[in-house]
Structure formats: structure tokens, C-alpha cells
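Colleague: For His58, the entry in Swiss-Prot reads active site. Residues or ranges marked as active site, proton acceptor by Swiss-Prot on the basis of sequence analysis: His109. If you look up Swiss-Prot, you'll see Tyr61, Lys105, Asn520, Gly557 marked as ATP binding site. The Mg(2+) 1 binding site annotation in Swiss-Prot covers Glu107, Asn558. As annotated by Swiss-Prot, substrate binding site applies to Ser108, His109, Asn110, His111, Arg130, Gln260, Glu332, Ser333, Gln334, Ser560. Per Swiss-Prot, the feature Mg(2+) 2 binding site maps to Asp131, Asp288.
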Amino acid sequence: MSAHQVDTVTHASADPDAAQPFKELGLKDDEYARIKEILGRRPTDAELAMYSVMWSEHCSYKSSKVHLGYFGKTTTDEMRANMLAGIGENAGVVDIGDGWAVTFKVESHNHPSYVEPYQGAATGVGGIVRDIMAMGARPIAVMDQLRFGAADAPDTRRVVDGVVRGVGGYGNSLGLPNIGGETVFDESYAGNPLVNALAAGVMRVEDLHLAFASGAGNKIILFGARTGLDGIGGVSVLASATFDDEGGDTGGRKKLPAVQVGDPFTEKVLIECCLDLYKAGLVVGIQDLGGAGLSCATSELAAAGDGGMHINLEKVPMRATGMTPAEVLSSESQERMCAVVTPENVDAFMEVCKKWDVLATDIGEVTDGEHLTISWHGETVVDVPPRTVAHEGPVYNRPVERPASQDALIANTTAGLKRPETDAELEATLLKMIASPALCSRKWITEQYDRYVRGNTVLAENADGGVIRIDEKTGRGIALSTDASGRYTALDPYTGAQLALAEAFRNVAVTGATPKAVSNCLNFGSPEDPGVMWQFQQAVRGLADGCATLGIPVTGGNVSFYNQTGSTAILPTPVVAVLGVIDDVHRRIPTGLGLEPGETLILLGDTHDEFDGSIWSQVEHGHLGGVPPKVDLAREQLLADILLASSRDGLVTAAHDLSEGGLAQAVVEAALAGETGCRILIPEGADPFVTLFSESSGRVLVAVPRTEETRFTGMCTARGLPWTRIGVVDEGSDSVEVQGHFSVTMAKLREAFEGTLPALFG
């Protein structure tokens with residue numbers, strides 16, 4: 001076969017022994033053999049491209065499927081009651097009442113964001129937004145979970161600058177508010193940053209759309225941007241293998257394929273075009289084109305339908321000349337959608353696309369057969385059973401083994417680490433902690449994002465959870481939070497995942513919303529490492545068991561493996577997103593103190609001497625070891641119930657969860673947010689260091705008007721929730737005072753808290 005000859009099905013049958021680069025495409029010997037067994041011949045070049053991308057770790061979940069099934073086993077019918085779409089769809093969809101539905105999901109774009117930080121992050125946002133669009137919803141907000149190497153490491157500035165500009169540039173151009181997230185710096189993410197993007201959308205329940213191709217004769221319409229060479233191999237090579245640590249400081253870039261290139265303005269009109277198409281009832285089924293491009297869209301639509309599909313591949317609008325069928329099928333060019341449309345609606349469909357200046361092309365049709373066939377200028381280059389491509393890839397039950405080093409890690413507690421003893425040392429610890437890259441203000445980052453575009457943002461960064469209004473008439477809204485702790489998960493993956501769930505659940509609750517559903521993005525090292533698979537297995541079980549205890553379902557998510565450079569893996573990082581519902585956003589609870597004169601500060605929950613895995617141990621001693629804080633999910637539920645009742649009855653004027661940095665961090669953030677000072681009272685007999693810096697879970701700082709203090713504390717006592725009167729808001733005060741120990745002016749706190757990131761990256 002010459003270099004210019006197309007490898008057709010006829011040719012593949014006639015030349016069964018032709019050498020094929022299946023290993024270069026990420027397939028193993030036995031996987032290639034299985035493809036030949038399925039087809040009864042060797043695959044064509046185009047078929048090989050399809051199977052390689054769809055059987056990649058990123059698309060097939062071949063190493064995680066056996067563990068992800070645990071989510072289904074632990075989800076009850078009661079938990080599923082309000083779930084309209086779940087695991088397996090483009091994004092989860094939840095019925096939130098009054099005829100409204102919300103769809104949300106978290107996705108990773110980790111490896112591309114190291115190779116090309118701006119485009120990697122930008123297209124990560126664009127991809128997750130299209131997942132939301134594909135469910136029939138209008139996207140309304142985005143969030144992000146970012147993990148970078150040490151803040152002062154040489155390459156971190158390049159990655160941070162590109163990623164932050166990419167997230168902001170794409171999201172801002174779409175007109176979507178970025179309402180929160182997390183940014184973490186840790187040396188384990190050097191060379192392997194995590195860029196996890198969340199998007200949420202809203203629709204009426206009856207507007208739900210799903211990805212399936214049914215009805216023989218229905219047309220397949222590709223619409224959006226033209227197809228180019230960008231992103232080819234993204235899921236089979238870039239997202240499904242580790243970065244090579246050879247080659248000096250290249251990070252293995254020489255072997256990596258092109259990163260996708262995004263155009264947010266094309267996506268912006270694509271959103272409006274899709275919404276018009278939905279409103280007109282012109283769409284039977286729809287799928288966005290993201291990872292694996294047309295290979296994914298065609299095989300998944302056909303596999304979910306009731307027949308087959310035929311595609312005329314040469315009709316695909318291309319922006320590069322000389323593209324091969326394999327390249328067209330593998331391209332991950334952005335801003336593209338694929339719809340199933342009845343023949344009588346094609347003209348109307350095209351008119352809507354023309355109105356929005358969106359390129360649309362009829363590229364094929366649904367057939368009454370059982371195969372997906374694809375032709376190239378009249379010659380068949382693909383003839384496959386679509387389920388074997390989309391859903392019946394290899395499944396590996398990889399070895400799972402608790403690392404031998406785990407015992408030593410757990411035994412290495414913080415018990416022997418020096419603690420501050422004097423008042424001066426306590427003050428110095430506070431200032432060092434809030435100025436550290438681990439805890440300092442993310443204002444330098446978040447100010448690059450538009451948080452209030454569209455006018456429906458109620459709470460955003462620096463609140464614990466973001467809140468968006470979805471119904472102007474009733475005030476109904478949603479709250480979202482994403483959280484993760486790689487440090488705790490490294491110590492105990494089961495507990496670490498539950499701590500992330502507990503914090504995200506609590507962050508939604510402190511806004512006054514009721515937590516309803518969960519999405520996740522599970523970021524781990526190589527699945528070929530039994531120790532990594534043990535971490536993954538334990539984290540999945542911890543998260544699933546935690547959701548079952550709280551009674552909220554996992555609606556979907558993402559797994560990102562191979563997050564390591566050479567043999568060095570990232571900290572295991574299960575990102576958990578929680579969606580909550582608030583019936584009236586006017587009763588949301590803000591973070592800042594001082595809404596009413598002389599508020600009483602009350603600490604909800606118990607404080608213990610828990611410092612293993614804490615930010616204090618990291619900042620002061622560069623230490624990681626021991627046992628993470630205990631998690632009590634029943635207490636988290638009680639705490640959420642108390643906060644909901646307090647919001648409805650107007651009993652609290654501010655609330656802030658306690659997590660990294662403990663009470664000291666929460667007080668500083670709440671005081672600076674409200675631009676008012678306060679006095680903190682160390683309980684009699686309590687250790688000031690433990691009181692200020694413990695990271696015990698299940699705690700919230702609330703500000704209560706003096707007139708409501710008796711009523712509020714009485715409710716807590718009656719419900720069995722521990723509470724401690726911990727301080728008072730001093731109206732007009734210019735300092736935060738820990739009574740009897742030290743006092744720091746607000747100006748000094750703000751300088752320490754807000755000066756770090758601009759100095760590093762500004």
C-alpha cells in the first residue's frame with residue numbers, strides 16, 4: 001500500500017499481515033489481538049485509530065471500572081429518586097424541584113496543561129462546558145481545582161501563568177462566572193499539574209437531552225468548528241501515559257502530541273445555537289466532541305441507539321489539507337457537536353445554525369443495521385460493532401497492594417515536632433501560616449476571573465461555596481463547592497476521600513443550601529503500580545460509603561491516571577464536588593463578619609489535638625505523616641441541618657467552615673472579608689495552639705446576633721451539636737485579638753495574607 005493509498009476494509013481483508021503501529025498508539029499486544037478477533041481481520045488504519053483512542057485509559061476506564069462499580073452498589077433507590085441522568089452520561093442531572101433540573105460535572109485536563117498551560121486549561125473549560133450543553137442545559141457557572149508544584153520552583157510560574165490565563169480567558173469570553181475552587185502548591189505536582197474544571201448548567205426538566213442515535217434514516221449533523229490536526233492522540237497518549245522523566249528538563253515534551261486549541265467565541269455562539277435547537281425541538285440525540293473526537297461521538301451515539309450508523313467522512317469540514325481518515329476520526333478540535341435529526345427537521349436545523357453563523361454539515365445517517373460504517377470517498381474504511389468500540393473495551397482487575405511504606409508513613413506522626421510555646425511564637429506562627437503559599441489569599445488568581453457576569457452570582461470566592469440564582473421570580477438557587485486533600489489521602493486514602501467529601505458538603509451547608517448530589521474527579525498515579533491501585537480502591541470505597549451515609553448520590557465523574565513523572569506520582573487527589581439547593585438566595589449566609597454590631601462568635605463542633613497531615617506541619621516543618629483527623633459524617637449531617645435551620649430563621653449573620661489552618665485561618669479570612677476586627681477567647685484550660693491551629697473536621701465558625709444567641713445555642717444543645725462561645729466581633733476594631741495572648745492589626749494581616757502570590761507571580 002502506497003503512502004497515499006487509503007487503507008480500506010477490503011484492503012485490510014486482502015492484506016491481513018500488514019504491520020501496524022498499534023503499540024505507538026497505546027495498545028498492548030493482547031488488545032490488538034482482541035480487535036482482530038472482534039473484526040475477523042486486522043483493523044484498517046482508521047479502525048485502529050478508533051479503537052486506540054476509545055480503548056485508552058482516559059476513555060475506557062479499563063483500570064478503574066472494576067472499582068467504580070462500587071458506587072452503583074452503594075447507591076440506594078432513595079438516593080436515585082431525584083437523579084435524571086447519572087454515571088455514563090455526559091454529565092449528571094438532578095431534579096431540584098419546581099420543574100428545574102441542574103447538570104454538573106468535573107473533568108480533568110491535567111497533562112495538556114503542563115505541555116501547553118494556556119490552551120490546556122482553556123480547552124479543559126471548553127470541554128466541560130460542552131458536556132453540560134449536550135445534556136440540554138444552559139451553562140451558568142464554572143469552578144476550578146488547580147494543583148501546581150512548589151510555588152517557588154523554577155517551572156511553576158510558567159504553568160501557573162498559563163493555566164490561570166487559560167481558565168480566565170476562556171470562561172470570561174463565554175460569559176460564565178467562575179464562582180470558586182481551590183489552588184494548591186505542592187512539590188508532588190511539579191511536572192504534573194492538576195487542572196480539574198467544573199461546569200454547571202440549568203434547564204427545565206422536560207428539556208433533558210441524551211446521547212443516542214435512534215430511528216433509521218435520521219440524519220447525523222456535525223456542527224461547530226472545522227476539524228483540524230490539533231489534539232490528535234490526546235487521550236491515547238497524552239492522558240493515558242506518564243510523563244517520561246528522561247531528557248533533562250523537557251518533561252517528555254518531545255514525544256507528546258499537539259494540545260487542542262480553543263476558540264471561546266465560537267463556543268459562545270455554539271451554546272446559543274444549541275439552546276435554540278433544543279427550544280425548537282429539532283434534536284433527537286446529541287453528543288459533544290471532546291476526547292477522541294468523532295471516534296467517540298459516532299461510536300457512543302450508535303452504541304446507545306437502536307440501530308447502526310453510516311458516516312461519509314469526506315463530508316466533514318476540515319481546516320487542514322491532506323488529512324487522512326484516521327486523523328479526521330482522532331482529531332480533538334474543539335467547539336464541535338454532533339446531533340441526530342429527523343429528515344423533515346434538517347432544513348430547520350440548518351436554518352438555526354445559519355442564524356448563529358455556525359457551520360453545519362450532514363455527514364451521515366442512522367441505519368437499521370448493527371454496525372457503524374464509515375466511508376471515505378465511497379470506500380469503506382470502518383466497519384465495526386459500535387459497542388465494541390465505545391463500551392466493550394478491555395477491563396483490567398489490576399493488582400492492588402497496600403504499599404510497604406504506608407506503616408512507616410503512619411508511624412511518623414507530628415507528636416515530636418516543636419510547637420509554639422510563647423505568645424510571640426503563636427503570633428509568628430499565625431502570620432507565617434497565612435502568608436504561606438498553602439494558605440495565602442488566592443485573590444491574585446480569582447481577580448483574573450469574572451465572578452459576577454450575568455448578574456446571578458450571589459456568593460463567589462472568597463466564600464466557602466459559590467451560590468448562583470437560577471430563578472429570578474422565586475429566588476431559587478444552587479450552591480457548589482469542590483474540595484480535595486492530597487496530603488490526608490496519602491496518609492489514609494479511605495479517610496482522605498471522606499474528609500474531602502465532608503468539607504465540600506460542609507462548604508455547601510455554610511451557605512444555607514441543602515446538599516443534594518456529588519460529582520468527582522479522581523486524580524492518581526499509574527494504575528500499573530499496585531500501591532496506586534490500593535490508594536484508588538480505598539478512595540473510591542471511602543467516597544462511596546460516605547455518600548451512602550449522607551444519602552446523596554454520585555451522579556458522575558472522571559478518572560485521571562498516570563499523573564506522575566517517571567516513577568514519582570502525585571499525591572493521590574480525589575476531588576469532590578457537592579451540589580446544593582437553596583430555595584431563596586436572599587437567605588444565603590455570607591462569610592464576612594460584622595453585618596450586625598457586636599456579633600457573638602460561636603464555634604460549632606469539637607476541637608481535638610489533630611495535626612498529622614496539617615498545613616501547620618507542612619509550613620513549619622516540611623512534614624507529612626501520621627493519621628488524618630477523624631471524620632464523623634453523621635455529625636456533618638447534623639451540622640448541615642443546624643445551618644439550614646439557622647439560615648431560614650435568620651439566626652446567623654455569617655458562617656465559615658474550618659479546614660486547612662484551623663480556627664486561626666477561618667477567623668482571619670472572615671474578619672478580612674467583613675473588614676472588621678474581633679476578639680477571640682481561648683476556652684479555660686484549653687491549649688491556645690490546639691485551639692487556633694487544629695484541623696479537626698466537622699467544625700464551623702458562625703457569627704450570631706446578640707438577640708439570637710440564646711435561641712441559637714438552645715437549638716444546638718437540643719439537637720446535640722457541641723458549641724463553644726469563642727469570641728465577639730468588635731465594631732470598628734482594626735485588629736484581631738486573641739485575648740490574653742496577642743493582637744495583630746487588620747492592615748498587618750491583610751499584608752501578610754494578600755501579598756504572597758503577587759510577589760511570586762505578579
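Using N, Cα and C of the backbone, Cβ positions are placed for all residues, glycine too.
Relative to the rest of the structure, where do these features sit?
Modeller: Within 10 Å of the C-beta atom of His58 (active site) sit 26 other C-beta atoms, taking all shown protein chains into account.
Mapped onto three states, the DSSP output places His109 (active site, proton acceptor) in coil. The Cβ neighbour count for His109 (active site, proton acceptor), using a 10 Å radius over every protein chain in view, is 32.
The C-beta environment of Gly557 (ATP binding site), restricted to residues of the same chain at least 6 apart in sequence and closer than 8 Å, consists of Ile87, Lys105, Val106, Ser519, Asn520, Cys521, Leu522. Mapped onto three states, the DSSP output places Gly557 (ATP binding site) in strand.
Packing around Asn558 (Mg(2+) 1 binding site) is summarised by its Cβ count: 22 other Cβ atoms lie within 10 angstroms of its Cβ, all protein chains included.
According to DSSP, Asp288 (Mg(2+) 2 binding site) is assigned to a strand segment.
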Colleague: Please compare the binding-site residues Ser108, Asn110, Gln334, Asn520 by how many other CB atoms fall within 10 Å of each one's CB, and tell me which has the fewest.
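Modeller: Among the binding-site residues Ser108, Asn110, Gln334, Asn520, the lowest count of other Cβ atoms within 10 Å belongs to Asn110.
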Colleague: Rounded to a whole angstrom, what is the C-alpha distance between Glu107 (Mg(2+) 1 binding site) and Glu332 (substrate binding site)?
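Modeller: It is 16 Å, counting Cα to Cα.
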Colleague: The record names Tyr61, Lys105, Asn520, Gly557 as the residues that bind ATP; what is their largest Cα to Cα distance in Å?
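Modeller: For the residues that bind ATP, the greatest Cα distance is 17 Å.
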Colleague: Around the ATP site (Tyr61, Lys105, Asn520, Gly557), what further same-chain residues have their C-beta within 8 angstroms of the site's C-beta centre?
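Modeller: What remains near the Cβ centre is Ile87, Val106, Glu107, Ser519, Cys521, Leu522, Val554, Gly556, Asn558, Val559.
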Colleague: Which residues of the same chain, at least 6 positions away in sequence, have a Cβ lying under 8 Å from the Cβ of Tyr61 (ATP binding site)?
Modeller: Leu68, Val559
Colleague: Quick one: pull the CA-CA distance for Glu332 (substrate binding site) versus Asp288 (Mg(2+) 2 binding site), whole Å only.
Modeller: 11
Colleague: Taking every protein chain shown into account, which of the binding-site residues Glu107, Asp288 has the largest tally of Cβ atoms within 10 Å of its Cβ?
Modeller: Asp288
Colleague: Does Arg130 (substrate binding site) have same-chain partners at least 6 apart in sequence with Cβ under 8 Å from its own Cβ, and which are they?
Modeller: Glu267, Leu270, Asp288, Leu289, Gly290, Glu335, Met337
Colleague: Nearest to Ser108 (substrate binding site) in three-dimensional space, by Cα, is which of the recorded positions His58, Asp131, Asn558?
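Modeller: Smallest Cα separation from Ser108 (substrate binding site) among His58, Asp131, Asn558: Asn558.
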